[in-house]
Structure formats: C-alpha cells, structure tokens
Amino acid sequence: MESQQLSQHSPISHGSACASVTSKEVHTNQDPLDVSASKTEECEKASTKANSQQTTTPASSAVPENPHHASPQPASVPPPQNGPYPQQCMMTQNQANPSGWSFYGHPSMIPYTPYQMSPMYFPPGPQSQFPQYPSSVGTPLSTPSPESGNTFTDSSSADSDMTSTKKYVRPPPMLTSPNDFPNWVKTYIKFLQNSNLGGIIPTVNGKPVRQITDDELTFLYNTFQIFAPSQFLPTWVKDILSVDYTDIMKILSKSIEKMQSDTQEANDIVTLANLQYNGSTPADAFETKVTNIIDRLNNNGIHINNKVACQLIMRGLSGEYKFLRYTRHRHLNMTVAELFLDIHAIYEEQQGSRNSKPNYRRNLSDEKNDSRSYTNTTKPKVIARNPQKTNNSKSKTARAHNVSTSNNSPSTDNDSISKSTTEPIQLNNKHDLHLGQELTESTVNHTNHSDDELPGHLLLDSGASRTLIRSAHHIHSASSNPDINVVDAQKRNIPINAIGDLQFHFQDNTKTSIKVLHTPNIAYDLLSLNELAAVDITACFTKNVLERSDGTVLAPIVKYGDFYWVSKKYLLPSNISVPTINNVHTSESTRKYPYPFIHRMLAHANAQTIRYSLKNNTITYFNESDVDWSSAIDYQCPDCLIGKSTKHRHIKGSRLKYQNSYEPFQYLHTDIFGPVHNLPKSAPSYFISFTDETTKFRWVYPLHDRREDSILDVFTTILAFIKNQFQASVLVIQMDRGSEYTNRTLHKFLEKNGITPCYTTTADSRAHGVAERLNRTLLDDCRTQLQCSGLPNHLWFSAIEFSTIVRNSLASPKSKKSARQHAGLAGLDISTLLPFGQPVIVNDHNPNSKIHPRGIPGYALHPSRNSYGYIIYLPSLKKTVDTTNYVILQGKESRLDQFNYDALTFDEDLNRLTASYQSFIASNEIQQSDDLNIESDHDFQSDIELHPEQPRNVLSKAVSPTDSTPPSTHTEDSKRVSKTNIRAPREVDPNISESNILPSKKRSSTPQISNIESTGSGGMHKLNVPLLAPMSQSNTHESSHASKSKDFRHSDSYSENETNHTNVPISSTGGTNNKTVPQISDQETEKRIIHRSPSIDASPPENNSSHNIVPIKTPTTVSEQNTEESIIADLPLPDLPPESPTEFPDPFKELPPINSHQTNSSLGGIGDSNAYTTINSKKRSLEDNETEIKVSRDTWNTKNMRSLEPPRSKKRIHLIAAVKAVKSIKPIRTTLRYDEAITYNKDIKEKEKYIEAYHKEVNQLLKMKTWDTDEYYDRKEIDPKRVINSMFIFNKKRDGTHKARFVARGDIQHPDTYDSGMQSNTVHHYALMTSLSLALDNNYYITQLDISSAYLYADIKEELYIRPPPHLGMNDKLIRLKKSLYGLKQSGANWYETIKSYLIKQCGMEEVRGWSCVFKNSQVTICLFVDDMILFSKDLNANKKIITTLKKQYDTKIINLGESDNEIQYDILGLEIKYQRGKYMKLGMENSLTEKIPKLNVPLNPKGRKLSAPGQPGLYIDQDELEIDEDEYKEKVHEMQKLIGLASYVGYKFRFDLLYYINTLAQHILFPSRQVLDMTYELIQFMWDTRDKQLIWHKNKPTEPDNKLVAISDASYGNQPYYKSQIGNIYLLNGKVIGGKSTKASLTCTSTTEAEIHAISESVPLLNNLSYLIQELNKKPIIKGLLTDSRSTISIIKSTNEEKFRNRFFGTKAMRLRDEVSGNNLYVYYIETKKNIADVMTKPLPIKTFKLLTNKWIH
C-alpha cells in the first residue's frame, strides 16, 4: 500500500517542461494535433543546455521477462547491450545503433518502470534498459540527465558524431487516469512528430503516409508501454491490446478518429450556444437544424438535457419570439418539442397560415412516443461530490453513498448560457463530458461496481455529515442502539448499530478523535470532512494531504479511481467487537429510572432543570444517580416538540436592575391569559398568573371572564394569602395597560392597600417579560400535557395548575434553588406525584347497587390544594373528584395510540417510585371507611357535561379495593386490575352545556333534573351520525322508538302516579308531531311531570286547539283573526286532503319498550338496564301511501338501536363538525390561461376569438391609462413587495362572447401594499330577491346595465408596479400602476367608493342604510354587483335618465332595457329570469346547469330513471375510520368541493328545497367516504333531473294594502352530529319565497322546544333587516309574521312568567323573542306540521311529503 502511495505522487517529480505540457489546454477551435511551437522550442533549448554537460560510459544489463506480456523468446537471442537508464522521464539517442538493438525490440524484452503499479508487474532492476531510436531514422533523440557522467553511448560511436547529430525531444507526460487518455494521446502524437515519425501516424482516413518499419514499430510499442501504464488505459484500448498487444497503430488511428469527432462535437456545441432565430427562415428548418445537432451530441455520448437545450434555444430567440424567454423560462419540465410548438405557433401567425396546420406540428401526446428523447431518463440519483476548492479540477460523480447530506449541483441559468461560447459547457450528468474528454466504459460503469474501493482506506466525503464505518474494531467507547436517524442520498434509512469515537494517531505523533457510527449497510467506509473540520483538520487536494490550519501535514491523501482516500493505518484499534456492541445492556439489579419517564413525570421539564433540582434536593425521594442520563442529550420528546413549538427564544436581561433590591413577595408581576375558545361554559376561559420577583414563586387562578369584580376577587385572595402565609406585604405590582388593570375599581383597591401599580409603557412588551414568559411557559406545558395525555381541552387549566406545582419545585439554573426553597417551603415529594393524565381506578364508595362494580376509570390531573388527595377526572361521570382512594392502572400510558417513548414501559418505575405513598394510602383505607363524612372524598369539582364519547374499552370488571380491604392486600389487588385498554376521552363538543371544574358551592352526589322531558330526550347517543332522519310508518306496528332511561336512584323525584307509565317508549331524535299519533292532553302531562321548576318546555295553560292558532299580540287597529288570515292567505302552503276519523290504540299498551344495555347510559351517566321512560312523544310517518325506498322494520330497528350505543372514537380527523357557510368551498375554475386559450388551443376559430379579445383588452388598458407609459423602471430599483405579478385570463360568457382580462395576482400581494380596512361590497342576494319581488308586485321596469372595465375607473393610491404584458417583451422592466387593476386587494373597495360617490353626487341616489350596494331615490332603485347594475322603476324614462348620466363618465352598455310588455328574459348574476310585467316572474338556472353539470364527471342517470327526491330518509352516514391513501383522499376531497360548491351556488340562489341536503353533505367534505360520494352523486343527479325547475312568483293582489313579510321556522331535534339540531327558515314576501336557510344549531338543545326557540331566534334579525329594506324601497305598511309548528314555543313567547329558565342560553333567547314580539308588531302563529314548508330545511322527507311541500312554489 505504501508503494502505491509513493508511486501515485511520483508524476509530480517530472521536469518543468513536462508539467507545462500537461497543464496545456487545447482550444476548442484549434486543431487537436497543433501544439504551440514556442513552447516546444523553449523546452528544447532547456533540454539542449542540460544535455551538453553529459558524458557516456558503456554499460549493460539484463532485462527481466514481463509475465503479463509473455511470449516465446529464442534461446539464441543475446541480451541487448545498452547503457544504464538513470532517469525514466528523458531519452537520449546514440550516434549509431548497436548491432543487437533489433533484439531489444522483441516483445518479451520490454522494460518496466515504477509507474506500472499493477500487482502483475514486479519492480525493475537497476539495469533496466530503455528503448532506443531505430537506426533507420536519421534524426536522433537526446535526453539531458541531471547527473553528470551518467549518459549512455554505443562503443562504436564517436564524440564528434554525437555532438553534430544531437537534438532534444520532449517526452510525453505520464498517463495517470483513463479519463486523461484523450489529452495524453495528443501529446504522444506530437512526440512522434517531433521524433520525425510523423509519416507513420494515421491520417483522417486511418492510413499512414508511409509504411512503418519493424524498428519503428518496436520503438512505438516501447514508448507507449512506458508512458501509458496498463492500469490507466481506457477500456476500449485494453480491448484492442487484448487482441494484439502490439497494435499501437490501431489505437492511434481510433484516437485520431475520436479527436476529429471531438472537433465536430465542439463545433456543434459552439453552434448550439450561438443559435439565432427571428423568424426569417421557416420554423421547421430551424427545428431540423437544432434537433440534428442535439442528436449528434447524444449519439456521441454528450447528452444535452432538455433544460440546457431549451435555455440555449431561448437565448437565441429575438423579435416576436423573444417573449418566449419570459413565458417559458419558469417551466421546469419543459421539453424541446414543447418549445418548438410555441415557435411554430408564432411563425404561423406571422405567415398568416392559420387555416390549416403544417405537417411538422406534433401533438404533445405524440411527443411521448417520439423516438428522440432529450431527457436522460435512466440517470441515477447520485451525489455530486466536489471535495476540492474552487481552483482545483472538476468534481467527480460518485455513486449514491449512504450519507445523510448531499450537495446538489446548481442548475443552469441564463447567466451560464451567456458565457463565452469557446468555453466547454458543464453538464450535470456523468455522461455530459467536456470537449476532448473520452466517453469510455470506465467512465460510464466505473462507479456501478463495488470493486472501485481502495482496501484499507477511508473514503473522504465532503457531502457526508457523519462518519460511518463497517467494522467495529476501530470504535472506542461504543454504545449500542443510538437514537440517531441516518439517511442516504436517496432518503433511505440506514440502520445504525452503535456510536462511538474514531481515534487517529497521525504521523506527527498527534492524536485526535471524532464521532463515528457503525453500520454494515454501506458500500465504503466514509470519513466526513465536516467532522474533520470540527477538530481543525482540513484536506488539501493541491498537495494531497490532510493538514491542520497551521500547515502541519498529518497524513497523505491517495487518489484512487474517482475518489480520494486516507489510509486506515492512522486509526487506533479498540478491543470492542461487534457482539459486544450489539449486546450492551444494563443489569436488572442496577436498573435506573429512564430519563423519558422522569421527563414525563416532571411535567416535561428540560434535562438541565431536572438535574439542578435533583442536585439541590428540591426533588426528594431519589438522587441524580438514580436516573439514566445517557439519552438525555439526544432525547427528543415528541409531545414537547408539538406542544412547545415556538418561533425563537425570548430576549434576556430585559428587566430593570433595581427590581432585584426588593424582599421576597414585595414585588409581583401579573398578567392575564385568554380567552380560550370553544370550551364548555363552566370551564375557565382565562387565567391570571402572579410571579414574585425575588423568589420566582408562581400562582395561577382561573377566570371565566375579565370583569372588574372577578379581577378584584383574585387580587384580594392573593394579597391575603401572602400576608398570612409569608408574613409579607406586597409593595409593587407590575402589570400591563389592559383595561382589567387600569379600571378605577382596581386602582382604588391598590391605593387603599398602599400598593403601587407599575404599568408598562405603550408597546413595551419587554418590560413585562417575567409575566409574559411565565404565561408562555405554562401554555407550552399545557399543550404538551394535553397532547401527551389525550385528555379533552376543557381540562386545560388542570394542566396549567399541574405545571405550576412542578415548576415551583424545580431549581433555577441561575439561583441553584427552587421557588419553594426561596420561599422557605419544603421540596416536592415526587412519590406523591403522578404523570398528568395517568390512568387510575377510583373507588366508588357509594355505588347504586351492592353488585355494581366499585371501580371507576379515571385520569389523574394534579395534587389537591385543599387536601392530601389527588384531583382525578372521571369521564364516565363527567366529574373531577378530590380523593385518595385510587389505584394506578398498570401497563397504560396516558396516550395509548400515540408515542411509546422508545418502546419503554414505566410501570415498574412508577411502582417503585410510588410504593411508599401507596402504602400510606392503603393504611388509611380502614380509617376513612368509618368516617361519617366519607362523601366528602367525592367533593365533585365540576359537573362537566362532556361530549359523551366513552373510552374505547370499558373496564367493566375492574374493582378497586373496598372499604374492608386490608392494607397488605391493597397493592396485590392493584396488580390484578384488568389490562383492558382505557382511552382518554377525545375532544368535547365546544358548545356542550354546563360544566364546572371549580369546587361547587353545594355538594351533591346526584345531579338534579328540573325537566324530565327535555333531560330524557336530550342525551341519546348514536354510533353513527345520521345524515337523514329515521324512518317511521303510519301505523303503530311499524313504528320504532328509542327508549329513554332513568336511574333508580332518581325515582324519588317523581310522584307515585308516574309508576304506571314505566317502560313507555318515546320517539328517537325526530321529536315532531304527527296526526297519526293521538295528542296527550295538557292535564295528563301535568299529572306526569311534577316537582318541576319553570322551564321552556312547559305547555300552555290554556288550550287554543280549536283554531290551531296562538296569537301573541292583538293589535289595536287590525283584528287578530283578520291578521292571521291575511298573513296565511297568500302563502304557498300545501292543500291537505280531508282525513277521516281513525281509531288509534292506546300507545302506552301497544308500543314495545326498548331498553338500554349500557351500564352508563348516554344520558350523562344516569340510568342502567332498569330504565323507564316518563313521557311519550310523537313521530311523523314516513309517507302516507307509497315511497320509492322500502326499508324493513328490522333494518330500521337495527340502525336506531345503534343510537343507544356510545360513539366510536375516530383515528383520522377528516370529519369537520359543521360548515356554516360555503365560503371555504373552492369554486370550479372556468377561466383559461394564455397558453390554454391561444398557444395550445387547437380550435382555430375559438383561438381567433380569444386573440381578438386579447387585443381588445390591451387597447382598453391603454385607453384607460392603466399604467404610466412615460417611464419604465428597472426591477432592481423597486422594492420587491411593491411588484405585483400579472397574467391574462380568458373565459367564454354565457351569451357566447369571448372575453380576455388582464389581472393582478392579488392572492400573493404583500399586506403592506393595501389597506385591509377597506371593504369591497356587493349587493346581498336577499336584497336582489326583495327588489325583484317588489318589482313584480308594483309593475316596475327592470333594466340591466354593464360598465366595461369598471375597476379601471378607480384610481389607486398606493405605489405599485407590475410587469408589462407579454407582447411588449420587456421582462426586465416594470411599469407603475395608476388604476385599480382587476385582482388587486384594494380594487374592489376603490371601485365601490368611486361608483358610490358618483351615484350619490351626480345621479341623486342614496344608499340604503344597512344594505350595501342598494341605492334609491324617489323613482329608481339600483342594485349594484361590481360592474353589473339592475335598475327598477315604474317609469322607464327615469331609468333612461340614470343611464344618460352614467354614460357621461363610464362606458355603460345596456344589456336589457326591459321596455317590452311581453315576457323578457334576463341573466342577472347567474339567475335566468323570465319576467312579464304585471303577471309573473320565473327564476331558474336550466341553461347554466345543462352546461356545468356534465363537466363534473358525475355518472348521470345510471339506472335510466329520474329521481323524485334528493335523498333517502332513514339513512345514516357510517363514520368509521376512512382507510384510503393520501393521494386518493386529496382527490376525493377536491371532487367533493367541486360538487358541493356547485350545489351550494344553486341552492342559495333559488333551490331552497335542497339546502338541507347541501348543508349536511357540506359537513362531510373532509370525510369523502364511498357512501358520502354516492349520496352527493344522488344530489347532483336530482339537480340534473330537475334542472328545468323554476322558482315561481305571481303578482300580488292589487287590493292588498300592506306588504306581508313572513318567516316560517322549523327545527329537527338532535339529528346532527354531537346531538346538534338542524334548524331551517324560509322567508316570504307577499307570498313569494325570497330566501331560505338551513344550518346546524350552534348550541346543543336538550328538547324540541329549545330547538324551535333557537330556530325562531335565528330568523328574527334577518326578518327585521328585510322589513327595514322593504319599507325603504316601498312605502306601504308592512306586517311581519312568524309561523311555527311548536305550540310550546308559542306558549313560552306568550307567557309573562318571569321565573328563571332552566338554561340561561335559551332563556335569553326566549326573553329576546318576547321583546321582539312586544316591540316590533311581530305576530307569531301556529301552523300545522303537514303544512310547514320549512320542514324541507331540517330533515329528509318521503317523496310524497317532499312534493307536497314544494310543488306550490318551485316546479
């Protein structure tokens, strides 16, 4: 190995002449055989001067036989007699040749040199002979020698002859690499020419000028063997020599041929780099020229990839073709064929040949099958390694080693193309060669084998970030199973067995070490230059050594193949073997606590803080040595990474120094955090924190609001606590300037107590760093604890309190003490602490029955402040309890489906840690069992009503120790607890009703039920969320009901009369009235429901069923009966056929009960198997006679029985709770880009229309002076954030016109370039529908206008710049905007302000307050939607007058004047309107749907029949885990967005009958299961089948003196996910449906009455706003009415009872409704359920019912 290293450096010892030739480069345009004559003469002069001092002495030697080139040698051949050859680099020719010279030329007598390093050779002896020039050639050779007297001559020669014939010839350099052979052979040919052997060199045709002699052939062979060692020969040369080892002529001939080819390649590259095209020649000729060049280069092994080729072509484009540089340069995957398609398109436009396509045009689809490929598709992914500095040779291409980092070569850009064309182009592929470099087999396949490794050496790798070796015998201090992830360049993981140190002992006797990873899965042993640099060792590739920064040489570098290596002899061996590394373990007897366990135990604090705390005994029970800290440095807690993710560290040292002078508890910092949204109402939304400046002791207090009295209570509490506990007085409290601190109440309190408030200055957050950082730290801990435990978010303050307890006990690295120690308190006993969310089993000391389980699964939160117990959360009871009666659940971490903390189990560690405390608990069990106040152990902190999602598996058999359990058996029993999985509850519904995690004022073991009906019907759980309501039949035998259960322990709250009604079934979530089921009288209901507080479900005391109407207020001017008839008379209600009286059986005898089998029912923990119901409710029938969907009783019962089971938890969160609006739904893209509309548009006619529209838009932009044309700005001079990207979009309008629009990319506009406070208003859809309805009733003329390029009339205030349009060809310039270009964020607001000002000042209009874009005067009403105007007037001349005024300022186009008395068709904002003045108006979208629906790729009419309803009643959406891959998931979500987007657009325009289905499916956009997609397809199919349906309006009777505005309301109780109710409202003006709304209730209702109140309260605000709009547009009096089918709701609104409602949310709504009715002349009436057309908004209906409710207003 050492000989190889020395020999590899030996070429450096050549003379300067040799070095100069070696470094000489041949110019790309120069003859490859031409060498500078001046350089040759200079070398010859130096050689002559040196040779003139030589003398000759005879000598002889025997040449050993070469075993590699062995051939028979005649025995009679004597050895040649030649002088010694002391220097192998130079040669000398004697005056006359010896007689035996010809024998020297025998192949078996070839001399050898030390440069032949192959093991097949042996070193030459000191008498090795050098080949001599043949005597037949007249010009001798001579070589100077640096040693005098060491020349060799023939015995027959004379000094005079030698002197007269001496000439110096420079020898060729030594070949050192196969890649250098093309350059070397040039110098060798020049050597032969200088030796007067130019006649034997083959010419271009492969034949020499003259015949070569035997002596010349021998000389040729010998010199070739000396200066071209066999190991450095290319593969093709070796192949020639393997056939005939003396055929040097063939090698020369082929080399010259390759050189000529290289010259052609150089010319091709120069031509390609200097392409010029401006359209003066045919485009196909230009394409043929370029593709021929690329094909030649590809065939010669020089692959020009598509990116380089396209850039070279685009660089040469000029004239009309120049803009292709700017439109195509960003296309990363553009091909040459695609680029030429653009060139052909422009050439066609120039030549005017658009009628027919030329033959040379190719489709893009054909390009894929083209035999010519410009992309190297077989290129492997490699790492470009270039360990040399920038002034060294080019980088080598290596195989993809297993390393974690790779350096990618920079991509070619325009700058690289613009370099001198004489320089060779650097390509990014190992087949992309420099000019003159030969593409050989060695070049292509050298790195595809593992035999290119140099044994006993480490490969130097600049791309690797870590050092890796395959053998463990050099690893010191090894440790197994390191937590290190290593990937190779292909992003594949490399398994790591161990990590240790690699120690070096260099030749200067210095030692150093670096980290090393052990793995057998790599091809080479890799030595990272990055890690060497870290220990001050660098690689110098000019000297080929490793050296320090001071220049000290440490070791040589060997270049072998394409890589650089360093010998392993410098590594110090170790005694560790592979089995030792793979079997490192810890003895069980000395097993320490793993750091991940301690990290989690101590609230996820960092390792440094924990170690400080253990060293200073702030954490007791065990020492620092009891923890295994080996993984602390590299350990990454995934929960900490998620929960504590932050931007950057806070700024340190921001506090004032004088604060350190205060005594403990004299200077406090305080701050408020919050609010936390989407929590139950009793969970705290805020917390206030206090930090003592001196001790850093922290306090936290929960807050529900930030009112003055709440803050004052907390201040009073903490001041009293500090005064009594620490005998200290607070002097200063530092706080921010929030209103909660600066109010007068708190200021007086602080002044009264002598406390100085210290407020921060404005925007000085640094001065408040202590409190701010504490809140951030606590919030980080909170997120981490919740993430780790999986507990619901409403327990967030428990996590805050747990973190505060722990952090008060952890030592500060600065003070070396904890806050508790500073305050004089004892340290925290960790044996009393449990991990947050630790599963436990709590003993139930007061079970319902003696046979019931005594153990309740729970989750530990934090130690109690008020006792020695622990605060534990019980999901099944929805409680938090303070107790010591618990057992730690073994084998369970808190987050069962998440991180396993490196597969570590902490059960044994937790048992050891809490052993003493568990014994303490067990010893106190008997004493506590005799305590009379044992109930106080379950002092419930809250009645948290969670989303009733039970744990995945309930521990039905888990029993905690009973009261009689001996202390000695307590621990043993805990070990026998069932191992069934207990899952922490998921996130609760944010709108869940009351919960309280604070100690309740009145302790109660059972919750009170104020309303049996609502409680019993409000807590049912469903396994599957229903999309559609359950089905029912008209007769009682086919009806199915869900039972409601009641616990025996609550039976005392009912009267004895109720016992006769046990096991009475009630309906499920429907909760609506049905005539087929007899009504229960109010008196009978009152008998059943007693001892109840007033509730919103109370039935009316008086019965008004004789008229089915319950008026709320009797006006003084209009009679109640007349008002009722007036409101209902014109409504499009269905006509019901008369019903014959029917006898019904007693429902309490005929309907069978359905009992729950859940131990803890879904009714909030109330009830068991002995459940009974207390009240009956009614259901609607599915359909009176027939239906297309037949569902059997068994099927219906099966689906509804699942409603009694707890819902399953979901692994994948792809189901959103609700979509209240359609703003998030992506619209379908209907526009085209420039390349789609023009460049690649195959429709010639359409293309011409788009080109015409393009030029029209450009002319309009110039006409409007959109930008400043006087000055163009350089891109480098403008702030990039003020530069707005622009583009052209094209679309085809519904009237068939083609439109082009130049728009700005406002979606990427910088926020600093517009005022976010400005609003872009458009007319509300309800305002448009109201205006249209009033126009029909008042015989108005309707005129439709359009203002061309509306936005361009509005000036822009900001300084913005855009890139010029493509046709200008100025990509490097910018132009300043002067007008509001379409797409800018501020354009809409600017135009709105401009047109608003003009309409008010010039047209005499005024905007209706509260209704933007609705303008009116005494004669005309205008609805404005961007650039569309709709004018309404009874006098057409008034409209014409407005038009004339508008045309003075704006380019106004009349779309439809509306002067005809016949039917007029409009297209207004997507609505296709047919209007005959004074008769009717029809609104539809048939043409639009006919065009758009087929483009959705939905299979229409798959069964060849039309649907009669949009959905199926009784169908549930199965919400089990959605198992699809990510690509398919994204594709289906995108499809759902398109389908629901179109359906929403149509539904909210006029198809109000579809809103329930649209809203429900919109909630499942992110859950695109097969079932959801099928139901969506069914909805789209129904829209397609009914696309001709129209919303029908008829003119109101002229005798009507008033406008009647009515809202019909309905609610479907509990039929949505999380037991939310669906509410719906329909709005009618003078009997015409003008709008509708269907949505999920934002609050969880507990009864049908609450749902109905919620629905009505949602309709009132819009009803009042519409009333104001109608009165502004039409001066007639208006009557407002509300219709509902809920008698109890009407009774509540009518009632004057001021007693407290059961639920304050719905009580507030009910009281507001009372105020609305009493103050706004709002009439509320009852409507029969079968006539309630709002029913279609809340639930799926049978076909007959659906048709009956909708056929009067949409058909």
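Placed from the backbone N, Cα and C atoms, the Cβ positions cover glycine too.
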Same-site residue for Mg(2+) 3 (record: Swiss-Prot; known: ASP1610, ASP1685; options: GLU1578, GLU1650, GLU1652, GLU1716): GLU1652
Matching residue for the Mg(2+) 2 site, where Swiss-Prot names ASP1427, ASP1428 - out of ASP1337, ASP1346, ASP1355: ASP1346
Candidate ranges 1130-1171, 1172-1213 [criterion: Swiss-Prot lists as region 'Disordered']: 1130-1171
Region 'Disordered' per Swiss-Prot - which of 932-951, 1092-1111: 1092-1111
Among ranges 177-234, 583-640, 699-756, 757-814, whichever one Swiss-Prot labels region 'Integrase-type zinc finger-like': 583-640
Sparsest-packed among the recorded positions, when each Cβ's other Cβ atoms within 10 Å are tallied, from ASP461, ASP1346, ASP1427, ASP1428, ASP1610: ASP1346
Binding-site residues compared (GLU1652, ASP1685) - highest count of Cβ atoms within 10 Å: GLU1652
DSSP residue counts for the domain 'RNase H Ty1/copia-type' (1610-1752), split into helix, strand and coil: 69 helix, 38 strand, 36 coil
Other same-chain residues whose Cβ falls within 8 Å of the Cβ centroid of ASP1346, ASP1427, ASP1428, the recorded Mg(2+) 2 site, in sequence order: LEU1345, ILE1347, ALA1350, PHE1425, VAL1426, MET1429, ILE1455
Three-state secondary structure, ASP1427 (Mg(2+) 2 binding site) (per DSSP): coil
Inter-residue C-alpha distance, ASP1427 (Mg(2+) 2 binding site) and ASP461 (active site, for protease activity) (nearest angstrom): 65
PLDDT averaged over every residue in the domain 'Integrase catalytic' (660-835): 87
Separation of alpha carbons, ASP1428 (Mg(2+) 2 binding site) and GLU1652 (Mg(2+) 3 binding site) (Å): 39
Minimum Cα separation from ASP1685 (Mg(2+) 3 binding site), reported as the residue among recorded positions ASP461, ASP1346, ASP1428 that achieves it: ASP1428
Distance [Cα-Cα, Å, rounded] between ASP1428 (Mg(2+) 2 binding site) and ASP461 (active site, for protease activity): 67
